[in-house]
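Before any comments, here is the structure.
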Ligand code: KIV
Ligand code: ZN
């Protein structure tokens, strides 16, 4: 019998700390449902003390998810823990994850605390969290750069206080696999009550070693890995869930443990997270990249045709590639549309919401006769955003001709007033965005513009991400359309709408 490796997904918390990746409550619920179908053990849904919005999102995930444990993050502060406890009340199974920094640099410069005080805070936090749930996780932030003797002392104390999971984060992605694995083995051996807790790791990817460090920790006794879909996360991201899980599955000969995940759901989760956050997946990304199972060179193709194992170590269908099928078309009816949307985790709250979405679906099906799940995901993102929008794109006219300066005329509904603006630009997209800006005058700084195709073919929808920054806030706007100029205008409007939401959100680690 192999040990169980617990998969703790933090896409909705650490993933959300990526620039502009902040998600609405409904978006978090959609991702949480997909993670539940993937059978992840624990879903870290957010940091409830960050804002009212985050609290509501964790609460909604807690009330929705039935088969995975729902977790809320809190600093080692009474108020944070109480907020997490409150937000998780409706969960079938809940976990509070509390943390405090333990490295000399974090204790001196960030916390301005003596090591003894840090231990006191940690113990007090764990005891308070235990008043809400029996499942309490403690993280020693920046453990990768902490003194091992100090780690032993604080971890022993928090186990005595009631923590059942001890997380060892490589917060700044500084560790290397041999050293990180050795630290886990040494902690497990030196801490007298180590057998009363599960050791977990949470690795960041600043040096590209997050997955390698996590796997080395597993080889040395860790039995929980914290990771995110597509490796999303603060700075260079976290260990990628799909890579960790498929490494354990594919190299079962090398690991004495297994996960309980339904890996066929991996690709759906990857596409959903990418379409909601606006972080595209690079084509050569392991497992979920468009080229991950494509055999370009003639030699490889010949080998694969003779026997797939010559070049393939995994089966594409085991991570969900085969499921990428055409689902609906021009002649599909409302019921087929509604039931596929439900399968994708989207619920219509009113009849008019369904009518609106179905109308958009028909419009898309007129332009593009094969509609894939990815197209529906993009449509859902648009429909859900539209409900509360301050700015709405009404019309766009572009004139682009070789040798002439492109011109655009755009009509936008601003708080129920239709306004039109004209502009020229270096290209059709540039002219359109300038025309929008001439109306809204946001003054926001464009930090990123990226276009990707959602599916294949020249009639595919272009998926545009636009990142805008203003007043210390960074947001990603998303737009999809078979015309990439229209998709760009939609993405710009979507980013402007997100900037309109002035809610202030605390960052847990600052
Ligand atoms: O990277 C980190 O240390 C964290 C903790 C809050 C677990 O995200
Ligand atoms: Zn982290």
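Heads up, the Cβ atoms here are built off N, Cα and C, so glycines get one too.
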Same-site residue for Mn(2+) (record: TrEMBL; known: 14, 202, 204; options: 220, 230, 238, 256): 238
Entries of 14, 202, 238 (binding-site residues) sitting next to ligand 1, with Cβ under 6 Å as the cut-off: 14, 202
202, 204 as binding-site residues, winner by CB count within 10 A: 202
Least Cβ-crowded entry, counting other Cβ within 10 Å, from the binding-site residues listed as 14, 238: 14
Rounded mean pLDDT for the residues that make up the domain 'Pyruvate carboxyltransferase' (5-267): 98
